[in-house]
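One structure is given here, and the rest of the page talks about it.
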Amino acid sequence: MNREQHGARHVPVLLERADELLGPALTEPGAVYVDATLGLGGHAEHFLTRYPGLRLVGLDRDTEALRLAGERLAPFAERITLVHTRYDGIADALGQAGLPPTGSVSAILMDLGVSSMQLDEAERGFAYSVDAPLDMRMDPTSGITAADVLNTYSHGDLARVLKNYGEERFAGKIASEVIRRRAHKPFETSGELVELLYATIPAAARRTGGHPAKRTFQALRVEVNGELDSLRAALPAALDALRVGGRIVVMSYQSLEDRVVKQELAARTSSRTPVDLPVELPGMGPEFRLLTRGAEKAGEREIAENPRAAPVRMRAAERIEAAS
């Protein structure tokens, strides 16, 4: 699929709301916008067009996404720096753009999870609706695949991954069946795994909670790509990069991600004065203030136009004090 085809199918999620939240930090001359999950560049193109003085630092671990985004953003070539890295590489990416890792950024967007392009390309193995190689790597140039996890992990490690990252009730039962089947034939395709899940998860449980493969595929994807560990490292680095008045928007698509984001923002919006002191110490107040009340969701109209917006949870914050 070429850039035009991808662009026609990719609709940026919560674009107008992201602009409302980030826009006040992007109007000043020389503002720096970091898109930590560049994807096909839909959000970035919007901001570069709307804010003519804006400078973009775009990150993505997917080399094909970077290539396509580079083509899409070619009209803004003098204002962009694109870096092949995970979002926890934000400090190094800023360095490549000639910027310090702290206090140099006006706005940051993190649109987490698997991209539309990755879901649409069957050979990437992210979708359980088509039979494809069990890959699931966001960076197809490195790392283990989902097949490697299924074919080499111990029963205990498999059950841990399925339970912790997929919140799968039948993690132990599924792990046992994986071990049994791989002794006869290693797993190669998503269809083999989907068939196992239909056979292993009780019929009553399959009737609720969506597709029976949803939780297992999520767990494998998170494990293969180190998504939660990367997010835990990325959020502090992203928040540190923001100048006073700088803003961040994070969009999560599953509860595990949103929980990490919620906890980090809660910590950064709390007073830094020791709890046993009766008054707030100068310079020890909260570094950030929340811009959203809880996690915001897409409206019915947007979900109807773009079904992939249905699970999104958006949180945002603004730096109000310099880092101590």
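A Cβ is built for glycine as well, from the same backbone N, Cα and C atoms used for every other residue.
Copied over from Swiss-Prot, here are the features:
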type    : residues                                          : note
BINDING : GLY41, GLY42, HIS43, ASP60, TYR87, ASP111, GLN118 : S-adenosyl-L-methionine binding site
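Sequence features annotated in Swiss-Prot and their locations in the structure.
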residue : record                               : Cβ neighbours (10 Å)
GLY41   : S-adenosyl-L-methionine binding site : 29
GLY42   : S-adenosyl-L-methionine binding site : 20
HIS43   : S-adenosyl-L-methionine binding site : 25
ASP60   : S-adenosyl-L-methionine binding site : 27
TYR87   : S-adenosyl-L-methionine binding site : 26
ASP111  : S-adenosyl-L-methionine binding site : 24
Where ASP60 (S-adenosyl-L-methionine binding site) falls in three-state DSSP terms: strand
